[in-house]
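See below for the structure under consideration.
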Amino acid sequence: MAARKGRRRTCETEEPMEAESREAGSEGPAQVYLPGRGPSLREGEELVMDEEAYVLYHRAQTGAPCLSFDIVRDHLGDNRTELPLTLYLCAGTQAESAQSNRLMMLRMHNLHGTKPPPSEGSDEEEEEEDEEDEEDRKPQLELAMVPHYGGINRVRVSWLGEEPVAGVWSEKGQVEVFALRRLLQVVDDPQALAAFLRDEQARTKPIFTFAGHMGEGFALDWSPRVPGRLLSGDCHKNIHLWTPTDGGSWHVDQRPFVGHTRSVEDLQWSPTEDTVFGSCSADASIRIWDIRAAPSKACMLTTAAAHDGDANVIHWSRREPFLLSGGDDGALKVWDLRQFKSGSPVATFKQHVAPVTSVEWHPQDSGVFAAAGADNQITQWDLAVERDPEAGDAEAEPGLADLPQQLLFVHQGETDLKELHWHPQCPGLLVSTALSGFTVFRTISV
């Protein structure tokens, strides 16, 4: 199954975005389109992708949509910018029937950059060469799948020494751990993949299962500092701590961490302290915990009204003492953990016009982050950007002057966006999942 790369009837471009009229007989200039700002598209108008705004752009579909995925760190090296790229994803489906779901390992490879437009004076021979080149540049996708009963709400991957594992939150109320080594092996070898799908796929089972949540959930995070340490949070406000044991198993503390009053939406371990984690909830709060205390007393800091409505997602910066959050109010907020007791964020950004579904700091650039929303926008931001006061706004397109100056890029065209991740080994590369499938892209802005 080949990943599909192509032009879409949508727009993903650096601001401003262009809405080109396709009405019969209309040859007018392209117009600026800003989601949630200014007029909506009229009948006969469509958004067109500006390929020059992308260094790389590919799409892939896997059949049933995936609500969640994670990028698997590989052994191909860090700081990879040379094209074509190869990357590995672990994802879980949300199929129409429980028995039709799969946990999948995806290998996307031969990912080339966007092609420059053909020159005006190109001849037939050059066009034939371009067609041959296009065949060589086709992106490829290998899939290794194992059956999973029930839709998969969230997938998070970690390495336990040399063993890759995936934590999986099932809509059936269980949290499972799957070994990924075999799946990673077979997506690199077509013959081994065929044999696996024929002989082994149906027999692959989780290596550990916890059913103590008594209902489904979404929040899940592996510790980046203590291999095998895991947190899981459910829709009944409970958070459980998993501790690895000798022999490749886990001990799950049956005593939940007490504090939230509604569904726990997201969890994040501190990248600098072994025992500290953060959580956010449908009760609108963000809490900071320390597992050295008893679960009933472990909540150390609370911002009760972090968002106007559900606090959906958080991400802890690997480079600064900042926590990033997104909520049902469409707001993105940056919290300085040294000032968390104040209850006030150090920055608030409002570009999304629907609930924020995913946020993540750039793994290398401390001031850059990305967010996805139910308004089908992916936004890229840079805290270090300030508008040049001498430039003024006189030449700005209508509606652009009041955009947040830290907003770098707006990507559109997905349907029902769910989750995004920066690739930790390929600077600037973003991967997202939506009802419309996976998108892999790098913009000219980051």
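Here the Cβ of each residue, glycine as well, is placed from N, Cα and C on the backbone.
In TrEMBL, annotation is done automatically, which means it is predicted and not curated.
The structure displayed is predicted, hence computed values, not measured ones.
Check TrEMBL against the ranges 1-39, 196-234 and you find region 'Disordered' recorded for 1-39. Within its own chain, the repeat 'WD' (349-383) is flanked in space by residues 35-36, 309-310, 312-320, 322, 324-334, 403-404, 406-422, 424, 427-428, 430, 432, 434, 443, 445-446, which lie at least six positions past its ends and keep a Cβ under 8 Å from the stretch. Assigned with DSSP, the residues of the repeat 'WD' (349-383) fall into helix, strand and coil as follows: 0 helix, 18 strand, 17 coil.
Taken residue by residue, the domain 'Histone-binding protein RBBP4-like N-terminal' (45-112) breaks down under DSSP into 6 helix, 35 strand, 27 coil. Per DSSP, the secondary structure of the repeat 'WD' (304-338) breaks down as 2 helix, 17 strand, 16 coil.
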